[in-house]
Amino acid sequence: MSKQRGTFSEVSLAQDPKWQQRKPKGNKSSISGTEQEIFQVELNLQNASLNHQGIDKIYDCQGLLPPPEKLTAEVLGIICIVLMATVLKTIVLIPFLEQNNSSPNARTQKARHCGHCPEEWITYSNSCYYIGKERRTWEESLQACASKNSSSLLCIDNEEEMKFLASILPSSWIGVFRNSSHHPWVTINGLAFKHEIKDSDHAERNCAMLHVRGLISDQCGSSRIIRRGFIMLTRLVLNS
């Protein structure tokens, strides 16, 4: 501390004009050393100021926020992410799940929407189907169907109907036949049958049957058990 006081005293005296007139010529080197020390102190102060300004500039350029503001920004970012996820879930996921859930309901409603079929009849689209579980030949099934509400042995109309019936029935006669293996397949109404029937090599398999594998030919006089036995189908067309 005494050394610093001495230095500043010398600096003050050195700056005083009177002192400069009085000072002996032999102290020239001492004054020069003092001036160098003063210059060094000023230089150090300038460097410290520049370093402080440089740190501030680097801090600003990096975009760093003070801790409270940075925390607030992170919280807002998380909230934005959660809101975006919720919106995406609402837009994409919920309609997809609703569509999947509505598909079985739509099929059920289509199968039961008329609601005017007699008891023990199955409703699908605009038709009613009766399932006769007795083992019968094709001719016996034809006669049994004719005795129920003026219906007849079913003739498959389209692929959708065939797939629906095949999915719930093991096997059943349908109202399609031919006179021989050399004749075309026709319905009991005398119309040409347009769907494919898997034929067999047996010459006497001239009656058509609905099977899980599709439409196949079988012996008209057969009542043998296949899976759960033959099931007779009839259809009563309803007014929509």
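Note: Cβ is positioned from N, Cα and C throughout, glycine not excepted.
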- Among Asn27, Asn179, residue with annotation N-linked glycosylation site (source: Swiss-Prot): Asn179
- Would you mind giving the whole-number mean pLDDT across the topological domain 'Cytoplasmic' (1-70)? 52
